[in-house]
Amino acid sequence: MKKNQFLKESDVTAESVFFMKRRQVLKALGISAAALSLPHAAHADLLSWFKGNDRPPAPAGKPLEFSKPAAWQNDLPLTPADKVSGYNNFYEFGLDKADPAANAGSLKTDPWTLKISGEVAKPLTLDHDDLTRRFPLEERIYRMRCVEAWSMVVPWIGFPLHKLLALAEPTSNAKYVAFETIYAPEQMPGQQDRFIGGGLKYPYVEGLRLDEAMHPLTLMTVGVYGKALPPQNGAPVRLIVPWKYGFKGIKSIVSIKLTRECPPTTWNLAAPDEYGFYANVNPHVDHPRWSQATERFIGSGGILDVQRQPTLLFNGYADQVASLYRGLDLRENF
């Protein structure tokens, strides 16, 4: 795997930044916050995050054993851990960036069951311990780009999805992979209340083409900053597809199903003109209500240090993934 030329270790989103808000912006859902433009709301959240000293501390997750393959290390500046764990989108726990950190402690992640089914020869069921022990774990420093035009650099820990799928032996009929988040309204207030959860239909679902799922970059993620994922970041296991917008990174996964047909995805169902199935990071294809040409990188500095930078095609991973979409109109298939 070629070392990513766009990432330097100094670019990684610091540990304190990675972990917190995204408001509901879909006019079709009839939620009052939907009138807000996502970038404006997201930047307001950035201001509230940086202006005070009341940021929640980075959670103390269980330390993990993992390797650091050279191919996945780089010199990008990391987003601090407290920002990674305190500034994020997980509508099942509320719309504000700080809501997941404040409310996700109610999520019970052990015991846990992850089922792999559908067009496979050998259906599998993994428990909580399997997620960190069945496959060798490795740290990968990835860029993360939100559709709201902000970004981070994060040292995720996990294993390639293709290793898990290989155990299940996809059949020749398998063309897509469908993912589903846990449905637990008693633990997730956004699944109980339409207003709290942004008017989305739950459980949250996502999907990839099989070749995307099998790509070496696609990561089943169980940790960050050397420790197990905190609940607000999608514990105990989430998906990271670094060349796609962050909403493709489904959290707290309980089901992976291989299918013949393209599966439904939550944001595409909610607003098909705004959120496509592919959701590849593309500076040349704007969201209908804001530009995707630039992004705000969340690093270790304060609000005055947050700078706009050019958005990279496929989030800087074009050398690795552009061939997946050869001949595909990226404007039509956004």
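Note that Cβ sites are derived from N, Cα and C of the backbone, with glycine treated the same way.
The signal peptide annotation in Swiss-Prot covers 1-44 and rests on sequence analysis.
In the three-state DSSP assignment, the secondary structure recorded for Asn88 (Mo-molybdopterin binding site) is coil. Look at Swiss-Prot and you will find Asn88, Tyr91, Glu92, Cys146, Thr181, Asn233, Arg238, Gly249, Ile250, Lys251 tagged as Mo-molybdopterin binding site.
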Cβ-based isolation winner (fewest other Cβ atoms within 10 Å) among the binding-site residues Asn88, Thr181: Thr181
Collapsed DSSP category at Thr181 (Mo-molybdopterin binding site): strand
